[in-house]
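Below is one structure, written out as C-alpha cells; comments come after it.
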Amino acid sequence: MFRRPQASGGALLEHIVVDRYRAGDIGAEDALHLFDELLPQARPASIRAINCLLAVVSRDGPALAVSLFNRVARAGTDKVAPTVHTYGLLIGCCRRLGRLDLGFAALGRVLKTGWRAETITFTNLLKALCAQKKIGDAMDIMLRQMPELDCTPNVFSYSVLLKGLCEQKKSQEALELLYMMDDEVHSSPPTVVSFNTVIDGFCKQGDVDEALALFHEMLERGISPNLVTYSSIIDGLCKAQAMDRAEKFLRRMIEDGVTPDCTTYTSLVHGYCSLGQGDKADRIFQEMSRACVEPDTVIYTALMEYHCKSGRCSEARKIFDSMIQRGPKPDATAYSVLLHGYATEGSLFDVHNLYDLMVENHVEPDNHVFNILICAYVKHDMVDAAMVIFNKMQHQGLRPDIVTYGTLMISRGLHPNIIIFNTLIHGFCTCGNWEKAKALFFEMVNRGICPDIVFFNTIMGDLCKSRMVAEAQSLFDLMEHAGEEPNVITYTTLINGYCLAGKMDEAMKLLDVMVSVGLKPGAVTYDTLINGFCMIGRVNEAFALVREMLNKGVTPGTVTHSIVLQALFQSGQAASAKILYLSMTMDEVPLDVITYCIILRGLCKNNYVDEALQMFQNLCSKGFQLEIGTLNIMIGTLLKGGRKGEAMNLFSYILANRLAPDVVTYTLVMVHFIEEGLLEESDSLFLSMQENGCAPDSRMLNSVVRRLLQRGEVSRAGFYLSKIDENHFSLEASTSSLLTSVFTGGKYRHHRKFLPEKYRSSMDSTNG
C-alpha cells in the first residue's frame, strides 16, 4: 500500500482544517480531534490551521484553549511558532477567564518578540480591566500606551471604555471621552454605537434630559438613530413616568422608519402598569401584536402582575396559559406572580396546582416562590404543608429569610413581641407583599399587641424614605380601618412621601383631607410641601403656600424662607431672592448660619460677588462662623472673576480663624498657585494639607497634574501622578489625553524619566 510522506499529509490536513473553518463546519469536539492529529506532524506553516482550531475551541472553552496553546508552546518554536494572532486568541481567553495577569504576560511576550500588537489584542485587555472596574488603568492603556506602541485605538476600543464608564454610573466622563474621540489627536469619530452607549448610560442614571440633548447632537452630526437609541430613550422616559413623551418618541421612531422591538414595547407596558393605567398597557400590547412583534416573558409577566394586583387573576391566568401554549415558556418570575395572585385571593387549590405544574415543567422555585407557598398554607392553618415546603426549600439549597421564619414562628404558636412584628410587617411591605403585611397586622391585634401611633408613623416614615409611597398610603388606610386616628405627624410623613416622589397633586389633596378632619397643618407640614414644589421647579406654587401659611396664622420660620431662597437662587431669580431677604430682615425673621450660607452661595453663583463680600464682612463682624463649602464657592467665584488677591485674603481668613479647609479649598488654591507660577508654594500647601489630615481625592490630583503638564512641569506632574497610583485613583480621560499629547512631540521626550514606572514602562520597552 502506497503511503504519503508525513509532511504532505500534514499539509493536506492543514488545508482541510482551514477550508472547514471558513465554511463554519468545525465543532469544538471535532476541533480537539483535529488538533491532536495535526500537532504531532506540525511544521512552521501549520500555525494558521492551529489558530483556526484554537479559535473554535475558545468559543465555549477558553480554559481548554489555553491548555492547547501550552501544548503548542511546549512543541517548540522550531516546530511551530505562535504568531501575534495566536497570542491575540490567548489574551481573549485570559480575559474571559478573568486572568488579567496571564493576559498581560502574553502581551509582554508579543512586545518582547518585536511584533506590533494589534488593536484587537489591546481591546481584549480593555474589556478585562473594565470588567474588574479598573477604568483608570484601561484609560491609561488606550490613551497613552497604545499610541506609544504605534497601535491606534479604534472605535471598538473607545466603545469598551464608554461602556465601562457608563456601567459605573460615570456617564458624564463617558461624554467627555465621546467628545475626545474625533478631535485632532485621536481622530476616531464616534459611531451610532458610541452615542447609544452614552445615551443609555444617562437614561439608566435618570438623566433623561442629558440623553435627549445628546440625541439631538447626534442628529446634528448626521448620525441616524437606530433601534437601540430610541429604545434607550423610551425606557428612560417611562422610568421617569413621562409616558406622553415616551409615546411621542415611539411615534417619531416609527415615522423615521425604525421598527420597535419587544424591548421597546416592554418599557411602555411597564411604565403604564406602574402608573396603574392597565387600559393603556393593553393598548400598547395590542399595538405590538398588530406590528407582528413577538412578546417575551418580561412583557407577559408585567401584564400578569398588573391584573393580579387589580384582583383579576383569571385574566392573568389567560395570559399565563397562552405562554404555555404559544411560548415563550413562563420562568420562575412568571410563576411567582400568578402564585402570589392566587394566594392573595385565597385560591389554595390553584396555588397547589400551579406549583405542581412548575415542578412538572422543570422550572426551579426560588426563595420568593417558597415564601408565597409557606405564607399561603400558614394563612389557612395548613402548618404541616408549610413545613413540607420549608424542608423542600432547604433541600434545594436555598436559605430561608426573616419572612420565612417569621411566618413559621407564628404558625407554631410562638409569641413574637412588637419588635418582631414591626420587623416582619416592614419586611413584607418592602418586598411588596402588602396582603401578608396586612394579615400580620391583624394577627398582631388578635394577639393583644396593640400598635400605637408611633408604630405606624415609624414604618410609614421608612417606607416614604425608600420611595415606597404607595405602600405607605396602604398602611395609612389600614391604620384608619383599625380605628387608629392619624395625627399631624402621620399626615406630614405621608405628604413628605408624595413630595419625594414628585407627586405634588396627591400631596396637596392629602393636605386638604388633613384640614377636613380638623387637624391644623403646622410649619413643618407647609415646609415639606414648599420644599416639594421647589424641588421640581414650581416656585410660584411654593410662594402661594407661603401666603396660605400667613392667612392660616402659621408664621413662616427660618426653614421656610431658606427653602424658598435656595429655590429662587437656583432658578436664576436672584432679584426676587434679594427682595425676600430684605423682607425677612424687615420682619425680623431670625436668620441662622444655614440661611446666610444659602444667600452667599446664591449671590456668588448669580455673579453678585461684591454683595456677597459685603455680607461676608458683616457676618464676620457679628462673629458668625460660616461652613467651608460656602467659603469655597466664594473663593472659586473670585478666582474665576480674576479677583485673585481677594480670593487669597479669604483663604488667609480660613487659616487665621482655624477653620478646617477641605480638599476643594486646597484644590482651588493649589491650582491658582500653579497658574501663577508659584510652584514652591503649591508644593508646600500640599504637604501642609496632608499634615492637617486632609487627604487628596482623585479630582484634586488630576486637576493638579493637568495644570502642571500645561506649564511643562513634568517632574512635578510625575510626583502627583505617583500620588494618584498610591491612592488607587483613576486617571481621568482629559488627564490621559493631555499626558499623551505632551509626549507626542519631541520637546519633552527626555523628561519621561520623571514619570512613575507605570507611565514610562511601555515607552522604555518601545525604545528598547
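For all residues, glycine too, the Cβ spot is worked out from N, Cα and C.
Residues 119-120, 122-123, 126-127, 129-130, 133, 135, 138-139, 142, 146, 190-191, 193-195, 197-198, 200-202, 204-205, 207, 210, 214, 732-734, 737 of the same chain lie 6 or more positions beyond the ends of the repeat 'PPR' (154-184) yet place their CB under 8 Å from a CB of it. The repeat 'PPR' annotation in TrEMBL covers 154-184 (among others).
Across the repeat 'PPR' (191-225), the prediction's mean pLDDT works out to 92. TrEMBL lists 191-225 (among others) with the feature repeat 'PPR'.
What TrEMBL lists as repeat 'PPR' is 226-260 (among others). With a cut-off of 8 Å between Cβ atoms, the residues of this chain six or more beyond the repeat 'PPR' (226-260) that come close are 192-193, 195-196, 199-200, 202-204, 206, 208, 211-212, 215, 218, 267-268, 270-272, 274-275, 277, 280, 288, 291, 293.
Per TrEMBL, repeat 'PPR' is recorded for 261-295 (among others).
Using DSSP to sort the residues of the repeat 'PPR' (296-330) gives these counts of helix, strand and coil: 27 helix, 0 strand, 8 coil. Here TrEMBL flags 296-330 (among others) as repeat 'PPR'.
According to TrEMBL, the feature repeat 'PPR' maps to 331-365 (among others).
According to TrEMBL, the repeat 'PPR' annotation covers 366-400 (among others).
The repeat 'PPR' feature in TrEMBL is assigned to 417-451 (among others).
The repeat 'PPR' annotation in TrEMBL covers 452-486 (among others). Across the repeat 'PPR' (452-486), DSSP classifies residues as 26 helix, 0 strand, 9 coil.
Residues 488, 491-492, 495-496, 498-500, 502, 504, 507-508, 511, 514, 563-564, 566-568, 571, 573, 589 of the same chain, all 6+ positions outside the repeat 'PPR' (522-556), place their C-beta atoms under 8 angstroms from a C-beta of that stretch. The repeat 'PPR' annotation in TrEMBL covers 522-556 (among others).
According to TrEMBL, the feature repeat 'PPR' maps to 592-626 (among others). Sequence-distant contacts of the repeat 'PPR' (592-626) (same chain, six or more residues past either end, CB-CB distance under 8 Å): 558, 561-562, 565-566, 568-570, 572, 574, 577-578, 581, 633-634, 636-638, 641, 643, 646, 650, 653, 657, 659.
Nonlocal intrachain contacts for the repeat 'PPR' (662-696), taken as residues 6+ away from its ends with a CB within less than 8 angstroms of a stretch CB, comprise 628-629, 631-632, 635-636, 639, 644, 647-648, 651, 654, 703-704, 707-708, 711, 713, 716, 723, 727. Feature annotation from TrEMBL assigns repeat 'PPR' to 662-696 (among others).
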- Item | Same-chain residue ranges lying at least 6 outside the repeat 'PPR' (261-295) that approach it to Cβ under 8 Å | 227, 230-231, 234-235, 237-239, 241, 243, 246-247, 250, 253, 302-303, 305-307, 310, 328
- Item | Surrounding residues of the repeat 'PPR' (331-365) on its own chain - C-beta under 8 Å, 6+ positions past either end | 297, 300-301, 304-305, 307-309, 311, 313, 316-317, 320, 323, 372-373, 375-377, 379-380, 382, 393, 396, 433, 435
